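Trainee: Below is a structure I'd like to ask you about.
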Amino acid sequence: MAELACFCYPHLEKDSYKFIPFNSLAIKCMLTAKVDKKDQDKFYNSIVYGIAPPPQFKKRYNTNDNSRGMNFETSMFNKVAILICEALNSIKVTQSDVANVLSRVVSVRHLENLVLRKENHQDVLFHSKELLLKAVLIAIGQSKEIETTATAEGGEIVFQNAAFTMWKLTYLDHKLMPILDQNFIEYKITLNEDKPISDACVKELVAELRWQYNRFAVITHGKGHYRVVKYSSVANHADRVFATYKNNAKSGNVTDFNLLDQRIIWQNWYAFTSSMKQGNTLDVCKKLLFQKMKQEKNPFKGLSTDRKMDEVSHVGI
């Protein structure tokens, strides 16, 4: 995750802003600079290489002292920064909005995936600039629309029916912020269209998840799509979701947290997010993740959760 101010800076033109991507040498210069505390939140002028990000975001970049940041000296950083600027320059951002826009925290991996989709000649985003910009505006929180299959971050499609598409995420292969844990495996489920879904389509998806992905929990980060994650990573997702929800509420970026379909979401996660929306503390909410829930009546007749051991999926082992 990183603020948009880590990728570009605003230049005032008449009554709105044009956004310009940073170059890696300007960032490198900022990372070595001694900057007064009162200027930590201001864009840094490298004199030689142009404007650089505010020094308060130093930890967002990979250095000898910090291996958890972005690999900003890669060509992928330039591609992501340019894509963000193209999207922001396609809309009007006024003086009253610019600080709020640049402080927004976005998923770096999501944006890298959109670059990969843009470069894939077989992908619809390669052929439609309009759809590509729409996908980026959704990714950076500048659009109220949800991420549907056409505008999704992408990955490898492992399941699809008339209503849903399930993607295996490919973060292990990334250049900007690759996941280094070789055991990482995670999926995302997007809606093909943002419209009511038939029970038959939901039943098909639930059957697929119970049969093939029973070692995973189906959760949501509240943005209109599902995530299918290992049970061992659920607590980590809970910390991130709670922190983001609270930060958004604090900064005034209040968006409705979409709980999605209770028949698909893991029961304990639904309880956690419902409790979070009610204003409870993280500790109170997280207890619900590890609590034995009363089994709800199966909403789909004839769809059993009981499996013999030799029938259980080996995905995720």
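Backbone N, Cα and C define each Cβ position, glycine as well.
Swiss-Prot lists these features:
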BINDING   S107, V108, R109, K188, H221, G222, K223, R227  ATP binding site
REGION    205-241  region 'RNA-binding'
ACT_SITE  H225  active site, for NTPase and RTPase activities
Trainee: Mind checking how the region 'RNA-binding' (205-241) divides into helix, strand and coil residues in DSSP?
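Mentor: Counts, helix then strand then coil: 19 helix, 10 strand, 8 coil.
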Trainee: In Å, how long is the longest CA to CA span across S107, V108, R109, K188, H221, G222, K223, R227, which the record gives as the ATP binders?
Mentor: 18
Trainee: Using a 10 Å radius around its CB, how many other CB atoms surround K188 (ATP binding site)?
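Mentor: Here the count is 22.
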Trainee: Whole-number Å only: compute the distance from the Cα of S107 (ATP binding site) to the Cα of H225 (active site, for NTPase and RTPase activities).
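Mentor: For S107 (ATP binding site) versus H225 (active site, for NTPase and RTPase activities), the Cα atoms are 15 Å apart.
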Trainee: What is the interatomic distance between the Cα atoms of R109 (ATP binding site) and the residue listed as 'active site, for NTPase and RTPase activities', given in whole Å?
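Mentor: The residue listed as 'active site, for NTPase and RTPase activities' has its Cα 16 Å from the Cα of R109 (ATP binding site).
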Trainee: Which is it, of R109, H221, K223, R227: the one of these binding-site residues whose Cβ has the most other Cβ atoms within 10 Å?
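Mentor: When each Cβ's neighbours within 10 Å are tallied, R227 tops the list.
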Trainee: How many neighbouring Cβ atoms, not counting its own, are there within 10 Å of the Cβ of V108 (ATP binding site)?
Mentor: 23
Trainee: Based on DSSP, name the secondary structure state of K188 (ATP binding site): helix, strand or coil.
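Mentor: The three-state answer is strand.
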Trainee: For S107 (ATP binding site), which of the three DSSP-derived states applies: helix, strand, or coil?
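Mentor: The three-state answer is coil.
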Trainee: Looking at the recorded positions S107, G222, H225, which one has the fewest other Cβ atoms within 10 Å of its own Cβ?
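Mentor: Across S107, G222, H225, these recorded positions, the one with fewest Cβ atoms within 10 Å is S107.
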